[in-house]
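Here's the structure, in structure tokens; my notes come after.
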Ligand SMILES: Nc1ncnc2c1ncn2[C@@H]1O[C@H](COP(=O)(O)OP(=O)(O)OP(=O)(O)O)[C@@H](O)[C@H]1O
Ligand SMILES: [Mg+2]
């Protein structure tokens with residue numbers, strides 16, 4: 001068995017276990033209705049988590065995504081309110097802005113040799129600040145196009161609703177998997193995570209790849225902003241504070257190594273679903289404080305980091321005994 | 001000059017200059033590579049060989065000089081660029097990417113695609129095909145990191161060969177290969193040469209250089225000393241060109257017999273670890289050098305790791321001066337006065353960002369505890385002492401080790417263990433990647449250390465070297481200690497026989 005898949009298997013096992021526990025207590029949780037809600041409620045988180053997975057696999061981090069979602073919501077609502085444009089061109093402009101914003105951060109990280117942590121922290125403040133500049137108040141969105149999208153869904157067997165944004169998240173995950181595993185760009189991302197210097201000597205276009213990774217994360221943050229505005233019908237500069245940390249948590253619970261070089265997009269999807277499941281459990285229970293979500297997520301994170309350390313240690317020893325030379 | 005030298009050169013570099021802060025690594029070096037030739041690039045550690053090839057492939061920006069490929073000026077801006085000109089390279093320090101699969105490492109940047117998507121099946125198929133040429137039957141989908149350094153090295157070579165349409169550059173490719181693998185590599189090099197590819201080959205093994213090369217170019221201190229046909233030059237002349245002096249060559253036919261018979265101070269009885277090394281007995285006397293011979297994978301490194309506690313033994317006992325000692329971890333071993341300089345120095349040794357001085361002092365400081373820092377003056381003295389004794393080529397003791405040449409980094413690691421002044425030092429392949437001059441000095445140093453009463457266990461693939469310094473040689477095969485040669489019985493022939501002969505019982 002390839003040890004690379006172990007964290008992914010652990011994630012799947014935890015998800016099945018968690019679902020079994022939920023089902024044992026609340027049999028109603030095993031319905032497509034709950035699953036539909038799981039997708040809809042976590043669509044915006046899932047989309048940025050895909051971008052975050054790429055960033056973390058490459059050995060970086062992107063702290064700006066939460067702020068970019070807030071900026072996107074405010075940008076869309078203000079544009080719709082003040083210009084009377086149709087949402088589609090507004091979306092296009094927004095995605096262009098956030099993609100360029102990500103690309104600029106990637107370029108700074110690569111060319112100025114600055115830690116991703118610092119650069120994207122600056123990006124986080126910048127994006128949040130821009131949102132405030134556009135509007136301090138929550139701006140409601142009322143547009144026929146929005147109502148149309150919101151009422152659009154696919155009825156799953158069992159009366160569950162797969163909404164537009166839930167479906168979009170799934171599409172993003174599938175596209176992400178294809179890019180990660182079936183394109184040269186995807187392999188280059190893993191290569192960067194394995195070691196920038198070695199990757200460079202092997203002929204990986206390090207500059208181009210780094211910029212593209214953060215541009216992708218920026219694009220997906222913009223897309224997530226659109227999804228979030230559809231989900232809430234408003235733009236608010238104080239929204240989605242700390243969501244970047246939720247995304248990082250989902251990625252790590254999904255089995256991606258925080259140090260880079262190893263991980264799976266599919267794992268991230270399950271990571272997002274595990275986090276959503278905990279929330280639903282708390283809602284079903286009704287007596288627990290929602291802070292329990294944070295506590296359980298914290299414990300899971302800790303467990304995963306220990307698991308990964310253990311794996312690294314274990315495979316290291318295994319290698320020494322299986323393939324040791326002379 | 002041979003007739004190949006008269007045809008139009010494949011690659012011609014003129015006046016290549018590279019200046020690092022504090023060092024002129026290359027000073028107007030000219031180099032030409034003909035099509036269909038194997039051209040060896042030789043020189044001491046730090047002579048500038050790796051720097052020259054990095055300037056040729058654009059991994060370093062050269063400060064001056066021109067490069068012509070097939071008569072056309074080219075200016076590769078990096079490995080990717082060089083690859084597109086048909087120049088494939090195995091860099092000295094390259095380890096490939098352990099987190100990617102074998103197939104991905106082989107084809108990174110050139111993966112076969114269909115409709116823009118990587119075709120995994122096609123890639124696996126081609127990877128299998130490539131690997132089988134090198135006699136490797138491994139699953140290309142597994143992570144590269146699962147395999148031994150030797151296998152990784154073969155994969156790095158296979159990758160470079162795949163990418164080299166015109167020029168193949170190999171910087172010390174054979175350092176971690178056994179003789180069978182070297183033979184296979186040389187067959188591949190010859191067949192590439194016959195297809196018209198020019199090959200640049202860097203190595204410190206002069207036998208290999210004479211075996212494979214058509215011409216040799218020698219660098220010293222960043223300057224070109226000369227280019228000669230390999231057929232017109234002998235070993236002594238070549239060493240003179242490299243060192244700029246004669247190497248006083250003390251050849252020895254048999255092992256040493258000068259050790260005063262004393263009582264062993266270290267005794268290992270029935271010591272072993274299941275699956276790694278069969279239980280063995282080993283007695284070590286003060287001032288003794290015990291050599292260890294055997295093929296790659298025979299159990300030499302496993303013996304060393306078990307003795308040092310890096311792998312905990314599951315049978316037997318260890319006694320030091322008659323008292324039983326615990327040897328369950330490297331910590332125990334260090335406490336008992338052991339030192340261990342491992343084979344795989346690239347992975348578990350050098351801390352590239354720390355200075356030469358800090359790297360040398362590291363193990364000593366760890367032994368006496370971080371609460372009691374070695375005084376700075378003392379550190380500087382020790383560093384200077386080892387830089388002189390091991391002839392470490394560095395502009396000063398404060399230079400980060402990562403900026404030293406490959407061979408000089410290895411000397412720093414050796415110095416680190418010598419600095420702890422152990423009573424029993426285990427050296428695994430101490431002279432690999434080290435030039436002929438420094439080689440002689442290290443053997444000299446080993447002799448000095450023994451005269452001071454230190455005991456040594458030295459693992460080496462170079463049998464001549466074992467003859468030169470061993471009092472006793474243990475031959476390992478199939479994870480068993482199969483023979484022990486003492487004093488006058490230690491000859492290369494006897495060792496070869498013992499390594500090759502069928503299993504003849506008595507584990508030493
Ligand atoms: N990046 C760098 N910065 C500063 N100095 C460097 C750098 N790279 C190499 N040098 C210096 O340039 C000189 C030549 O080094 P190079 O690596 O080319 O030697 P080499 O001939 O390949 O030796 P070896 O046989 O040990 O590999 C050395 O003195 C080294 O310290
Ligand atoms: Mg070198």
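For all residues, glycine too, the Cβ spot is worked out from N, Cα and C.
Unlike curated entries, TrEMBL annotations are predicted automatically.
Database features, via TrEMBL:
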- A:44-76: transmembrane segment (TRANSMEM)
- A:88-111: transmembrane segment (TRANSMEM)
- A:117-141: transmembrane segment (TRANSMEM)
- A:162-180: transmembrane segment (TRANSMEM)
- A:211-231: transmembrane segment (TRANSMEM)
- A:238-258: transmembrane segment (TRANSMEM)
- A:264-284: transmembrane segment (TRANSMEM)
- A:296-316: transmembrane segment (TRANSMEM)
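Contacts between the transmembrane segment (A:264-284) and the transmembrane segment (A:117-141): absent, as fewer than 3 C-beta pairs lie under 8 angstroms at sequence separation of six or more.
Contact count against the transmembrane segment (A:117-141) (Cβ pairs under 8 Å) is highest for A:44-76, out of A:44-76, A:88-111, A:162-180, A:211-231, A:238-258. In terms of C-beta pairs under 8 Å, the stretch of A:44-76, A:88-111, A:238-258 lying closest in packing to the transmembrane segment (A:162-180) is A:44-76. Same-chain neighbours of the transmembrane segment (A:238-258): 7-8, 10-11, 14, 44-46, 48-49, 52-53, 56-57, 61-67, 69-70, 73, 124, 193, 228, 232, 264, 266-272, 274-275, 297, 300-301, 304-305, 308, counting only residues six or more beyond its ends whose CB sits under 8 Å from a CB of the stretch.
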